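*Asks:* One structure follows; several queries about it will come next.
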Amino acid sequence: MASLIYRQLLTNSFTVDLSDEIETIGSEKNQNVTINPGPFAQIGYAPVDWGPGETNDSTTVEPVLDGPYKPTSFNPPTDYWMLLSPSSPGAVVEGTNNTDRWLATILIEPNVASTTRTYTIFGSKEAITVENTSQNKWKFIDLAKTSLTGSYSQYGILLSKPKLYAIMKRSGYLYTYSGETPDAITDYYTTTNYDSVNMTAYCDFYIIPWAQEALCTQYINNGLPPIQNTRNVVARPLSSRSIVVRRAQANEDVVISKASLWKEMQYNRDITIRFKFANAIIKSGGLGYKWSEISFKPANYQYTYTRDGEEVTAHTTCSVNGVNNFDFFGGALPTDFVISRYEVIKENSFVYVDYWDDSQAFRNMMYVRSLAADLNSVMCTGGVYEFSLPVGQWPAMTGGAVSLRAAGVTLSTQFTDFVSLNSLRFRFRLSVEEPSFSITRTRVSGLYGLPAANPNNGREYYEVAGRFSLISLVPSNDDHQTPIMNSVTVRQDLERQLSELRDEFNALSQEIAMSQLIDLALLPLDMFSMFSGIKATFDAVKSMATSVMKKFKKSGLASSVSTLTDSLSDAASSMSRSGSIRSISSNSSVWTDVSSTLYDLPSYMSTVSTQTATISKRLRLKEITAQTEGMNFDDISAAVLKTKIDRSAQITPNTLPDIVTEASEKFIPNRSYRILNNNEAFETSTDGRFFAYRVDTFEEIPFDVQKFADLVTDLPVISAIIDFKTLKNLNDNYGITREQAFNLIRSDPRVLREFINQDNPIIRNRIEQLIMQCRL
């Protein structure tokens, strides 16, 4: 069988371990070397943390806590909190849109019995009944009315020990705080023309950007920092916030120290970062109703901007980490809409932006210290992506938003097709924002995060402004530079070749003849026959096989087998490192443990679909350890791989290891496996579908998960090349004998070839779907 190639790679991987061990032993030899530390070493001094000192800048980076400001009337900008700090009871703040919302906040001191007090609100005296039964907390009360002549009602009570209150205009709402400190939370009021609401503050106040809402909540619950509670902090007029502070030479190069050959330079720079997201949307084979993957991909962007009168050419690479995998399963029919996997970035994700420009600061970045940066935040909102179905209304993924906040900066290396560039990697934390995203014409709605379907929302780029500073050790002669800047990127060149090769491989799927594929799948392919299509000498093929084994031992399949072997306590402890995978299949107790492990799933896996999907993902490991007479998915996978290798015009010894490894992991991701027990068949798939049925009548029976898990121990696992839905469709339309049914259930290649030679459309369509799943 063609899948022999995968078992051979797994069996012989221990020889690669031995080769690597020999190399490791050779590299661990010690050698004493005398080093002259030079004038820049801190010999004899305690470790110190050098900071960059004062950094001049001309780019505005919003302060976290701006103020305090004196009481005043003004129209505060949207998306900014007004943090109010009253010193005495009475009216705190009032605001109105002059149409349907008049809102005021008053403050009552502790220990006040029910009484009526007179407050001046919006120029009129109002008698309000108030009380505060708390012994040590001040009480904020919102007074609201919807007409000019109406009466006030009390809402949104906040009991506060720090005596702080906040209000903000955002997205059609007026946001405030309610509850009791230290557990106060945000609340809101709906209003029209919210952006025109004027506020009158009767106490000192601060301004905090909405991006720092978590810090504002911390102040509300725990009080201001100690430095804000001293007599040295004096409130100033709000007009001072508009004063433009001009600083000379924001972008400068400062010589910190200098010797004959080297000098330390401090580079202070304003920076404009533009980046965009890239994605990959892959459609599954079949009738056109299913998508296999919607994922984020790294995106390069090159642009120019003016910095301090100088035109700068910059290059950024945007990538994401910690994505969340979602899926949508509309049904098992070929015309049901399905998305096998789509990625979403949320608050547990990170966005990385690698930045490089052609300025002097990036010419020499081999030895850098005291790296610091300040960046503003940016909002990223998702757009609309329509899934073009052959028939019917198109579903659309729409919405989603996240805000990016700078979380740090490190050195990195940016790769282009020909060179590697030392650059700065800016790391951004995420928080989910409104609106949520949904898939129209489905039940998927109200989910938060930014999906990969249309992350740029029609924008050419997102932009972040800020500044950075670093100290770099550079040659004293400005004409010299360290050689790393223009070093050739071998791996990046290989990635480019692999990308082109993947596209070619995927395009070749439609050119494979099914009858020849079945014949090839039955051949016992080994490493040399698999790679014989590549023009190379015998020595080159031998070296290439070693390279493939080195890469393959790090594949997901090899790792799964290794993890499984280690987890089988008694069996694993008796195996030596040189044991092959065949020793696993010969030990009956191994799969007894596996079946027990499979059934002892965590409590949250309560559905049969989840349990069977989890079991199905491990059945491949058992099937690959024991060769059966029937054909399996790995036979088809290896045959497709061999066919594409022979037909490819771009395959090389350098790209072959990556291609073979990817094929073992990614070819035919949606697989079904069955256990045959007398006249009953149990069938499960990796996407959670499960069936139990009688072989002679194809009548469905209840699926017993416990029985299925027990049968895994004693009975062989069979690849459901022709799955239950296809079998039932074949029987309903053409009628098949009991013997043919048993042979198709056993994945007998002889019967499969007969149906293909008869040009049976149902069987041909099923095999075509499997071939189309052989994608990289």
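Quick reminder: no glycine exception, Cβ is built from N, Cα and C everywhere.
Reproduced below are the annotations present in Swiss-Prot:
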type	residues	note
REGION	65-224	region 'Spike head'
DISULFID	CYS203-CYS216	disulfide bond
REGION	248-479	region 'Spike body and stalk (antigen domain)'
DISULFID	CYS318-CYS380	disulfide bond
REGION	389-409	region 'Hydrophobic'
COILED	484-511	coiled coil
REGION	510-776	region 'Spike foot'
*Asks:* Summarise the region 'Hydrophobic' (389-409) as counts of helix, strand and coil residues per DSSP.
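*Replies:* Grouping H, G, I as helix and E, B as strand yields 0 helix, 13 strand, 8 coil.
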*Asks:* What three-state class does DSSP give CYS203 (disulfide bond)?
*Replies:* coil
*Asks:* Give the number of CB atoms, excluding that of CYS380 (disulfide bond) itself, located within 10 Å of its CB.
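*Replies:* There are 23 of them.
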*Asks:* How many whole Å apart are the CA atoms of CYS318 (disulfide bond) and CYS216 (disulfide bond)?
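*Replies:* Answer for this pair: 30 Å between alpha carbons.
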*Asks:* Measuring Cα to Cα, how far is CYS203 (disulfide bond) from CYS380 (disulfide bond) in Å?
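*Replies:* On Cα coordinates alone, these residues lie 36 Å apart.
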*Asks:* With H, G and I counted as helix, E and B as strand and the rest as coil, say where DSSP puts CYS318 (disulfide bond).
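*Replies:* CYS318 (disulfide bond) sits in a strand per DSSP.
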*Asks:* Counting every protein chain present, what is the number of Cβ atoms, excluding its own, within 10 Å of the Cβ of CYS203 (disulfide bond)?
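*Replies:* Its Cβ shell of radius 10 Å holds 20 other Cβ atoms.
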*Asks:* Between the Cα atoms of CYS380 (disulfide bond) and CYS216 (disulfide bond), find the distance and write it as a whole number of Å.
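*Replies:* Between the Cα atoms of CYS380 (disulfide bond) and CYS216 (disulfide bond), the distance comes to 22 Å.
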*Asks:* Mind giving me a neighbour count for CYS318 (disulfide bond)? Other Cβ atoms within 10 Å of its Cβ, every protein chain shown.
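*Replies:* Counting Cβ neighbours of CYS318 (disulfide bond) within 10 Å gives 26.
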